[in-house]
């Protein structure tokens, strides 16, 4: 039997059940379907296996992350030997053996990189999201809306899960419903008056670690913002002095050979001097318990004791509790196994105060050695043992000073790394539901699409919800998208905006010239009264491939236009035009402003004798300019609004109004 016949028999045998369920037509289409799978983690591994076995023929798998030891309990495509390697590369290699007929292209990169622009997204038939962070999800959602590519969004949290198919103009997009803002805490609570374990963990991760080893040397902007929010001015002034003192400690960690003495210097600054400074502000402690100053030597020899907090985090009201700093026992007495915290998994046992101090010294020295070895800055990473050890030890020492419950290394990793508990079974169920919704999208069976939820109801573990239409006020899917190909080094902002607006003639002539404001993300690049950037090139404004320019109508009558920037075609001549506009210029929906209501008719009631009432029509006349044109000082739209209020904007300082009934305002 020839090789081709063998491949044919093998293919038909492999997909026999799929053909019986999906039909031969859809099965044949799957072989040529190009799918982008973003994420190769818990859901991504299960989903990659499913779409390979279903018969999707061309798969691009993209993930920025590397494999961590903690992934192995649920991400079955990885083994211990793969730790620290690219998730996308290893997953593609492992899963490729499941179906040799499928072509898998792994990409180890960030989905937000400029190379993955709207044209790149348009090469796919469908996009499947298996991401675990909000920012990347929002980015993929916007790119799919702009490219007109269907997207299946998903997520899990423990036993809960959700699958949501998204189609431009048919369903709501990911941003149609506002997402809750991440939990934040007042600066003074984090830095001066913590009362919960999370306060100490955030302090260690987001303040102490950057102050000592990261980029943040002064933290001034954060304190400025806190001052604007009305937080305690005395506390903020003390915190500014505290921040300046960190420069000496930073230098000691970077210059001389780091020893235990350097770590001791850091400890003394953070847990002794800084706490003494806080205690000097008596007003702060009138309604709350004062923290205790920690002592390095007595903690290290085991003779220092602090009050043990209750599980709620508050200090117990026990009059028999020994005071802080009291000798807990004979310094030479042996420590029992329970006191040492022995037993249980390494990361899941509670460390003693002495063990936390030893971990603080060890992690401080390791991080300092990395700085001296050439690392410029070090930031927190839950998979970086050095930074995790430092945050664990520092947060627990701070908790001890404030009588707050201390946490294990595993608990600190969960809280500092914002880890959502993941369960392999939930991921497997969700990945199967993603494939079902993807098949509906490929069939264009839009009436069959559903939002599917896994919930805590044994009688109804799965629930479905009909899809909602787009939110008419959504700032993402209600924009009108278009793309341009250009050379950002040769095209100015004004040229691009004028080209997109067009002359307004015919169906493809755009909206015509009008007053607009132009944005890139949250940056204002121009508006009718500020045109400094109009003659600057896009490259000089850092508006390049993969970014969007947003054109907003000043009057609010035209809907917003979002322009995606792409590269010029590969075969474009060097002396060709630097800007290629779409063949049909965008024409967003037009919502004319309602006409200004007419003033009420004058009363017909006769005035009483002696009343001298006269109605004067406001009038304003412009002085003649003798045929010379003066530059406009304001946009026409603003002039019109002023004139509706009975005011006149002059074109120049020499203009005069020839009317005695008009008052001039400088």
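Positions of Cβ are set from backbone N, Cα and C atoms, glycine also.
TrEMBL entries are annotated by machine, without manual review.
When pLDDT values are averaged over the domain 'THIF-type NAD/FAD binding fold' (21-474), the model yields 85. Sequence annotations record features per position, and here TrEMBL assigns domain 'THIF-type NAD/FAD binding fold' to 21-474.
TrEMBL lists 39-44, 63, 71-74, 87, 132-137 with the feature ATP binding site. The Cβ of residue 73 (ATP binding site) has 11 other Cβ atoms within 10 Å, all protein chains considered.
Look at TrEMBL and you will find 173, 176, 474, 477 tagged as Zn(2+) binding site. Taking all protein chains in view, 24 other C-beta atoms sit within 10 angstroms of the C-beta of residue 477 (Zn(2+) binding site).
What TrEMBL lists as region 'Disordered' is 308-347 (among others).
Sequence annotations record features per position, and here TrEMBL assigns region 'Disordered' to 577-666 (among others).
The annotation compositional bias 'Pro residues' is assigned in TrEMBL to 585-602.
Annotated compositional bias 'Acidic residues' per TrEMBL: 657-666, in sequence order.
Residue 135 (ATP binding site) sits 14 Å from residue 173 (Zn(2+) binding site), taking the CA atoms of both as reference points. Per-site Cβ counts within 10 Å over the binding-site residues 173, 176, 474 peak at 173.
The Cβ of residue 42 (ATP binding site) has 25 neighbouring Cβ atoms from other residues within 10 Å, across all protein chains displayed. Cα distances from residue 42 (ATP binding site) to the binding-site residues 173, 176, 474, 477 are smallest for 173.
Over all protein chains present, the Cβ of residue 132 (ATP binding site) has 18 other Cβ atoms lying within 10 Å. Shown are the binding-site residues 63, 135; the one with the most C-beta atoms within 10 angstroms of its own C-beta is 63. Taking only the Cα positions, the spacing between residue 474 (Zn(2+) binding site) and residue 132 (ATP binding site) is 23 angstrom.
Within the same chain, residues at least six positions away from residue 39 (ATP binding site) with a Cβ under 8 Å of its Cβ are 62, 63, 129, 130, 131, 132.
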